[in-house]
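These notes are about the structure you will find just below.
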Amino acid sequence: KKDKDYIIVLGSGLIDGYKVGRLLGNRIDKALEFYHDQIKATGKHAKLIFSGGQGGDELLPEGEAMQKYALEHGIPKEDTLVENKSVNTKQNLQFSRQMIEKDSGKTDSKVIFVSNNYHILRAGVLARKLKFVAFGVGAPTPFYFLPNAVIREHLAFLVMNKRSNIAIIILILLISIGAGLLLYFIPGETIR
């Protein structure tokens with residue numbers, strides 16, 4: 001639905017420490033597409049929040065590089081905000097939410113977040129855990145990046161849900177040990 005107040009673009013690493021690469025560029029392009037489509041459909045300007053801090057190998061925060069990219073693509077500066085402190089997806093969402101509440105003065109703004117399609121599920125789960133009502137829009141992921149992305153997201157889900165995963169592993173081990181002991185102590189014919 002084209003009635004959003006804010007569009008959060010989740011950060012990703014910069015090329016050579018300062019350039020927006022194709023992966024991140026796809027995220028920004030998808031956000032700009034939504035931004036323009038909404039203006040065309042309703043006349044409503046959403047604010048774009050470019051969310052991403054500065055990695056150890058980066059010369060500037062991802063949020064600032066993303067804003068520069070958007071400005072170079074014709075977005076008015078007054079329609080942008082930069083969140084430049086976050087270092088992970090959870091912080092992207094938390095810090096962007098704080099900016100929205102400060103900027104709008106309310107807690108019920110209509111928000112979407114944009115990332116690459118492989119990342120939307122985990123970002124959505126994190127938003128839900130944070131009780132942040134925001135919906136995800138997926139940007140295309142370059143084919144060459146998909147294997148790495150899928151592995152990374154699976155590992156991130158395992159870490160994000162480590163208590164549940166540890167409990168399941170312990171339960172499976174206990175059932176296996178119990179079944180093994182049961183089979184060992186039940187008299188029966190020996191298979192030769």
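FYI, residue positions are counted from 1 along the chain as it appears here.
Heads up, the Cβ atoms here are built off N, Cα and C, so glycines get one too.
TrEMBL annotations: computationally assigned, not manually curated.
Look at TrEMBL and you will find 5-149 tagged as domain 'DUF218'. According to TrEMBL, the feature transmembrane segment maps to 130-146, 166-186.
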Item to check | Residue distribution over DSSP helix, strand and coil in the domain 'DUF218' (5-149) | outcome: 71 helix, 27 strand, 47 coil
Checklist entry - So what pLDDT does the domain 'DUF218' (5-149) average out to? => result 94
